[in-house]
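Trainee: Next up is a structure, given as structure tokens.
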Amino acid sequence: MGIIFYTTQMPNFEQNQVIAVGLSGGVDSSVAALVLKEKGYEVIGLFMQNWETDSKDPFCTAEQDLSDAKAIADHIGIPLYVVNFSKAYWNHVFQHCLDEFAQGRTPNPDVWCNREIKFKSLLDHAKKLGATHLATGHYACIQNENNEYRLLKSNDSHKDQSYFLHLLNQYQLANSVFPIGGYQKSEVRAIAKKRGFINHAKKDSTGICFIGERKFKDFLNEFLLAQPGNIETPEGKIIGKHDGIMFYTVGQRKGLHIGGRPDAGEAPWYVVDKDVKRNVLIVVQGYEHPLLYSQELTCTNLHWIRDTEPSFPLTCKAKTRCRQADQTCVITRLDNDHCHVQFEHPQRAITRGQSVVFYLGNECLGGGIIN
């Protein structure tokens, strides 16, 4: 059994080694920094600014997050450096998301941010400051088996974030640490409260990071030109108008404004598909409508965490959403960048642009983008 990189069995570092911690101002990264500090490592904090915003923006929490990060760094007794990656974030994450939205897909910016910003730009910056590793407050584990690194699920199945880390490579895992991967979220909050952290009860961040709590439609309108169009049934019957298909995702119920039709039952309507060429939103009625379910998908942009990819066909588990239970499937290789995934049971609301992530037991193998 290899070395698992979390608090109950940290890597065999020299205690005078410098470990940088990505301090977000949240409770998870704060406790991660505390754990490392109390194990005798020299810890430095790094706060990322990934989005340029007006300080008066009521929806942006960056100013408060930085204030919290400074307070925690002072409380623990570590230095804190502020680094601005807004240009890199725009080029490698946000622009990609805009392109995907414009094509009617639903991207996952957290996945790209982890690969391109946190575990690339931030890791590189940490190295320049003399750190040997970058630590974050992610709920996941890293295992070293004969210098091959495996990404494992967190001990807290409800908070596991391996789904969002599936694009990391061997170098990134070898130079990263997840100090709270062995904890339950409740334990992390209890530690923070016991130590008097001001953020011990701070709400977890949710949604798309650069949008914050503002309305998704209002934000996207600032960057993309919306084209209103028809809402149709699969049979082609026009039953309403949409504001722009980029605002909707498969499985969505809210915001359609087509309920209470005299020619339909009382069951709610759900988005089942988006016809980008015709600019048409296709909807069906009822949560269990058969067209909302599919037993297969194809994916592209394949990435395998280990240097040697698995043999195909591969029977394993998969997730098409981060909080979904593992689903049994068979993966068949189509070419170097595409594969076919056949599920044992039909899956609801498979969404183009989202990630499908593969698992064998607790190990995250990698994944791809649903096509």
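Cβ atoms are placed via backbone N, Cα and C, with glycine included.
Pulled the feature table from Swiss-Prot, pasting it below:
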{"type": "BINDING", "residues": "G22, L23, S24, G25, G26, V27, D28, S29, M48, G137", "note": "ATP binding site"}
{"type": "ACT_SITE", "residues": "C113", "note": "active site, nucleophile"}
{"type": "DISULFID", "residues": "C113-C209", "note": "disulfide bond"}
{"type": "SITE", "residues": "H138", "note": "site 'Interaction with tRNA'"}
{"type": "ACT_SITE", "residues": "C209", "note": "active site, cysteine persulfide intermediate"}
{"type": "SITE", "residues": "Q354", "note": "site 'Interaction with tRNA'"}
Trainee: Fill in the CA-CA distance, M48 (ATP binding site) to Q354 (site 'Interaction with tRNA'), as an integer in Å.
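Mentor: Just about 25 Å between their Cα atoms.
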Trainee: For D28 (ATP binding site), which residues in the same chain are close in space, meaning a Cβ under 8 Å from its Cβ, but six or more apart along the sequence?
Mentor: G137, H138, Y139, I180, V188
Trainee: Can you grab the distance from C113 (active site, nucleophile) over to S24 (ATP binding site)? Cα atoms, rounded to a whole Å.
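Mentor: So the alpha carbons of C113 (active site, nucleophile) and S24 (ATP binding site) sit roughly 14 Å from each other.
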Trainee: May I ask which residues of the same chain, at least 6 positions away in sequence, place their Cβ under 8 angstroms from the Cβ of G22 (ATP binding site)?
Mentor: S29, L46, F47, M48, K118, L122, L134, A135, T136, G137
Trainee: Count the Cβ atoms, other than its own, that fall within 10 Å of the Cβ of S24 (ATP binding site), considering every protein chain shown.
Mentor: 26
Trainee: If you measure every Cα to Cα distance among G22, L23, S24, G25, G26, V27, D28, S29, M48, G137, the residues said to bind ATP, what is the biggest one in Å?
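Mentor: Max Cα-Cα spread across the ATP binders: 16 Å.
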Trainee: Helix, strand or coil for M48 (ATP binding site)? Use DSSP.
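Mentor: Where M48 (ATP binding site) sits, the three-state DSSP reduction gives strand.
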